[in-house]
Amino acid sequence: YTILSKVHSDRNVYPSAGVLFVHVLEREYFKGEFPPYPKPGEISNDPITFNTNLMGYPDRPGWLRYIQRTPYSDGVLYGSPTVENVGKPTIIEITAYNRRTFETARHNLIINIMSAEDFPLPYQAEFFIRNMNVEEMLASEVLGDFLGAVKNVWQPERLNAINITSALDRGGRVPLPINDMKEGVYVMVGADVPFSSCLREVENPQNQLRCSQEMEPVITCDKKFRTQFHIDWCKISLVDNTKQVSTFQEVIRGEGILPDGGEYKPPSDTLKSRDYYSDFLITLAVPSAIALVLFLMLAYIMCCRREGVEKRNMQTPDIQLVHHSAIQKSTKELRDMSKNREIAWPLSTLPVFHPVTGEIVPPLHTDSYDNTSMPLMQTQQNLPHQTQIPQQQSAGQY
C-alpha cells in the first residue's frame, strides 16, 4: 500500500500513481558526509536540516510534500503521484545542512512514477484522525495498523492508502502545547468494493442531526478504531466514483471571424494648417490688457490722490488739534515716569516663612525703599511670635 525507502545517493524509487509514496531522509546516513565530532569518543548529534526541490526549480512538484519537525528528527517526503507524471522521471535534489559546521551534502532522488492497476479505485473514503500528527501517521507501523482496522470494517479485496494531509494544510489551527494535543491528519483510502454498512451509518439522519449539534455520532464500528485512533466521524467523506455524473459540457466553437464592421478608413496623411494667432489674442493679450488698466487706476488712486498731513490739519478745527497734542504729551510724560520708577516688590509677594526652619520672618526691604510708595495693605507691626500679652488691670481704675 505504500513505498517506504531509505535515502541513498542518486537513489531510484518506483512509486505508483494514485498510491501514497513515503520517502524518509535519515540523519544517520548524512552524518557520514560531514567531518567527525571534535571530541573523540563522544556521540555525534549534529543538528541537520534538509532542503528539497525539483531539479532546475526552486520548489517541489505540487503532489510532493516535505516535513521535518526539528533539526534532530528525520525528514519525510510524502505525497500521491498523479497520472500525468507517469513515465516521466522526476529528479529531486536533496541538500543536507549541518547546522554545527555549516557544511552541506547533496544527493539526487529519481522518482519513476508507474501506472497502478485498476486506478483509480472507485470507492474512496477520507478519515480525520484527531490524535495523530502527519509524521506519526506516515510511519509504516502506524499506517499499517490503521489500514488493518479499515480492512476489518470495510472487507475489501484491495485497499490502498491514497493520500495523507495534515489538518494545518486544510485550514486547521495550530494546537496548544498542552496535554500533548495533536494537530490531526486526514487519511484517504480507496477500495474496490462498495462501502460497508458501518461506514454508511454516518449518513443516517440521526447521526447527521447529532453532528449539526456538535455531538458524537453513534457508530457501531468505532470501537475497532478507538483503541489507537480517535476518528471524527462527522468529518468523514465517502466518494463513490461509479455514481458521479460527468458535468463536462461540450464547448461549441464558433468560426472565429468577427462581424463585418465596414471598411477601415485611416486618417488622411495631409493635414490642413491652422492659424493660432486669434487664440493667442483671446487667451493672453485680452487678460493682460485688462490687468494693466486696473493697475494704472490703482496707482493713480494711491499715489496721485493723497491729501497729505498739512491739508488734513488745515481742515481740522484748532481745538481738536490742541486736545490731540495735549493727549500725546501727557502720554509721553506718563511713559517716561513709569520707566524711572524704582519701587520695592509688594509685601504679599515676599516670603513669610523661612525655607529651612519654617520660622516666621519679617519681610526685608531695600535701602532705596520709598515709604510714599507703600502698598495699600500694610503688614502688622507685631508678628505672631512678638505678640504682647495684655496685663491685668486693677479693679479700681474704671
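For all residues, glycine too, the Cβ spot is worked out from N, Cα and C.
Summarising the annotation, TrEMBL assigns domain 'Dystroglycan-type cadherin-like' to 12-120.
TrEMBL lists 280-303 with the feature transmembrane segment.
The average pLDDT computed for the domain 'Dystroglycan-type cadherin-like' (12-120) is 85. DSSP states for the domain 'Dystroglycan-type cadherin-like' (12-120), grouped as helix (H, G, I), strand (E, B) and coil, give 8 helix, 44 strand, 57 coil.
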